[in-house]
Amino acid sequence: MKTLKFGLLMISLLVIALLASACGNGAGNTQSGAAKTIKIGFFAPETGPEAADGTSAYNSAKLAVEQINAGGGINGAKLELVNYDDQLDTKQAVSIAQKLTTRDGVAAVVSGSYSGPTRAAAPIFQQAKIPMISAYAVHPAIPRTGNYIFQQSFSGVVEGAAAAEVAKNELHAKNVAILAIDNDFGHTLVQGFKQRAAQTGLKVQEPNWFHFGDTEFTPVLTKIKDNGADVLFMPAYAAEGSQIIRRIHDMGLKIQPLGTEGLDSTTQFLEVAGKNANGLVIVTNLNRDSKEQVVKDFIKAYKEKYGHEPDMVGASTYDAFYVLAEAMRKSGVTPDKIRDGIANTKNFQAVTGKIEGYDKIGQVIKPVQVQQVKDGAFRYFGEITDPAIITPPVN
Amino acid sequence: MLLQQIVNGITIGSLYSLVALGLTMVYGIMRVLDIANAGAYTLGAYLGVWAYTRTHSIIIALLAGVGGAAITGYLFQRAVYTPIKKVADPIVPLVASIGLFIVMEDLFRLIAGPYTITFPVHLPLNRLTLGSVIITGTQAVILLVSAFLFLLLWILLNKTKIGLAWQATAQDVETAMAMGINTRSVVAFAFILGYAFAALAGILVAIHYNAVFPTMGDIPSYKMLAIVVLGGLGNPLGAVVASMVVGLAEALVAGYIGSFLPTDAIAFLALIILLLVRPQGLFASGGDAR
């Protein structure tokens with residue numbers, strides 16, 4: 001019996017540890033502020049399979065709120081972050097959206113999550129008439145939920161079209177193979193890529209799909225090798241993307257990889273892929289070589305506070321808060337006025353490029369950045385500003 | 001391309017079998033499906049990378065990872081599984097193991113952070129080209145290391161006293177006890193070996209992918225169940241064969257058919273088909289097939 005008691009004690013201790021950890025990251029992490037505060041709701045996958053992106057997003061949200069408050073807040077009123085962890089789970093996102101709209105009394109919301117949870121939560125904010133900015137989710141259905149929902153990152157269709165443009169004009173592709181993740185992100189990017197390629201007469205092979213969490217790409221790369229292609233368009237996240245790049249190098253495959261914002265992370269992608277990533281070209285929204293002061297300041301402040309390089313997910317989240325702050329300063333702090341303020345944003349210099357504005361659906365219009373990996377770092381390679389490509393489709 | 005895909009499939013299968021072996025060895029003795037074994041896989045990788053970044057010695061990294069996981073296995077067995085097994089039906093240890101696994105994953109995230117840590121060991125082999133077939137450096141290392149570990153395990157289970165005692169206990173606990181086998185130490189041996197194997201697999205996989213992250217045990221935690229059942233629960237040889245079957249199936253599906261269903265589903269599809277034609281698994285459970 002003695003061992004049994006010891007065993008039960010162990011289990012209870014572990015359960016307590018688990019509960020404590022869950023609470024620490026869970027609901028209601030409000031930061032108490034001064035008497036006059038404006039609550040901003042926020043959710044991101046802070047634990048679970050994409051905890052790295054969720055943590056980047058949450059860290060950047062905290063940084064933005066801190067800086068906005070340090071700079072005097074919104075006409076004297078402080079921002080208060082109401083943070084939730086959606087664990088990359090659409091069901092969680094729905095219940096978080098319900099809490100934010102019914103209990104927490106937030107004036108606006110930033111989604112720091114992926115397309116799945118963001119799509120699930122958006123209708124609830126729309127119905128409650130609370131504006132939401134999706135920081136980096138790319139699915140075109142998100143802004144189409146209604147007039148209170150905005151997309152801060154360009155639509156996947158735009159990003160895919162920009163990639164097709166890079167393939168054709170910069171990489172001089174003759175025959176493009178595609179290896180894409182089989183989810184909202186991958187399908188939207190492939191759709192945009194194929195549409196633009198068809199317009200410009202670029203030859204594209206049938207896409208090869210892989211699944212979230214896949215690790216072995218040698219079989220599918222063997223197939224791609226046999227089909228002969230000079231450019232590989234690969235909408236993938238950092239975990240899978242870094243393995244694809246490593247295997248391309250292992251196999252000695254002669255193909256130019258072309259990635260997307262999914263790979264735009266120093267800690268999650270570049271360090272894992274190592275020197276194999278050199279030469280890779282990606283389309284993204286963050287230009288690390290930008291001369292703009294906001295970009296330099298953000299990169300510096302993030303590195304100082306968190307001790308590692310920021311990524312595109314963090315930069316996009318940070319921007320969403322600054323767009324909100326700008327809207328509140330110009331238009332007012334009630335949900336309706338914030339909505340109008342976001343809709344009227346014009347030529348706003350953000351970290352992830354100059355936001356020309358939002359179209360009538362709520363999709364952002366801004367240039368697409370093209371970066372190339374050189375000596376283990378993302379460097380400027382080009383920028384796509386052609387309105388025919390960066391204007392998101394409205395139908 | 002077929003030969004190339006067979007090489008690819010066997011490499012994937014080798015990685016799977018290293019993970020599956022730990023699970024099947026524990027099941028063979030305790031009749032407990034120990035999901036926390038996938039936690040030992042991650043623990044091994046974390047301890048290994050922690051030791052490696054401090055010493056730059058792969059030997060010390062292996063010792064740290066394997067030793068730490070083996071101790072954890074022993075503690076879990078003494079403190080959790082054996083006591084629970086005495087008083088509760090078999091489903092309770094399974095639930096406890098799931099709990100342990102979740103706790104371990106959260107502890108990894110809390111202690112080491114959510115970001116991927118790299119495991120930058122340079123593998124000494126270059127690409128081999130045999131006709132139209134390419135064996136990459138990492139593939140060669142995985143194949144060689146796995147072959148060595150299979151051999152080591154075979155010797156351990158068939159040529160040593162404790163290994164033979166494991167086989168006897170796996171077949172029939174009461175008879176083994178009646179024959180004077182110390183089943184308590186055999187149970188401890190199974191956990192130590194099972195967790196050590198999981199840690200070895202974790203370190204090898206972490207080097208192969210140059211990545212250690214808190215949720216790296218997620219997919220092994222359920223996929224290995226399919227493989228272990230496919231091979232006959234508690235049968236190490238069966239687990240290796242089943243791993244190869246699944247690895248080959250995944251490579252051939254990816255190479256010839258494309259992604260018509262999630263990669264991880266292939267293992268379960270293979271399991272369903274096999275259970276329909278051969279309900280006892282590829283090989284019988286326990287030690288019967290030897």
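Each Cβ is built from the backbone N, Cα and C atoms, and glycine gets one as well.
Just so you know, TrEMBL annotations never went through curation; they're auto-generated.
Nonlocal intrachain contacts for the transmembrane segment (B:6-28), taken as residues 6+ away from its ends with a CB within less than 8 angstroms of a stretch CB, comprise 34, 37-38, 40-41, 133, 135, 139, 142-143, 146-147, 149-150, 153, 166, 170, 190-191, 193-198, 200-202, 204-205, 208, 220, 223-225, 227-228, 231, 233-236, 238-240, 242-252, 255, 286-287. Annotated transmembrane segment per TrEMBL: B:6-28 (among others), in sequence order.
Within the chain carrying the transmembrane segment (B:58-76), a Cβ under 8 angstroms from the stretch's Cβ atoms is held by residues 36, 40, 43-52, 100, 121, 188, 191-196, 198-200, 202-203, all 6 or more beyond its ends. Summarising the annotation, TrEMBL assigns transmembrane segment to B:58-76 (among others).
The transmembrane segment annotation in TrEMBL covers B:88-112 (among others).
Sequence annotations record features per position, and here TrEMBL assigns transmembrane segment to B:132-157 (among others).
For the transmembrane segment (B:186-212), the list of distant contacts is 15, 18-19, 21-23, 25-26, 28-30, 34, 37-38, 40-49, 61-62, 65-66, 68-70, 72-74, 76-78, 81-82, 112, 116-121, 123, 138, 141-142, 145, 149, 153, 156, 162, 165-166, 169, 176: same-chain residues at least six beyond its ends, Cβ to Cβ under 8 Å. The transmembrane segment annotation in TrEMBL covers B:186-212 (among others).
Marked as transmembrane segment by TrEMBL: B:224-246 (among others). Only residues 6 or more beyond the boundaries of the transmembrane segment (B:224-246), in the same chain, are considered here, and those with a CB under 8 A from a CB of the stretch are 9-10, 12-14, 16-17, 19-21, 23-25, 27-29, 31, 33, 37-38, 150, 153, 157, 170, 266-268, 270-271, 274-275, 280-290.
Remote same-chain residues near the transmembrane segment (B:253-277) are listed as 1, 5, 8, 219, 222-223, 226-227, 229-230, 245-246 (criterion: CB distance under 8 Å, separation of at least six residues from the stretch ends). The annotation transmembrane segment is assigned in TrEMBL to B:253-277 (among others).
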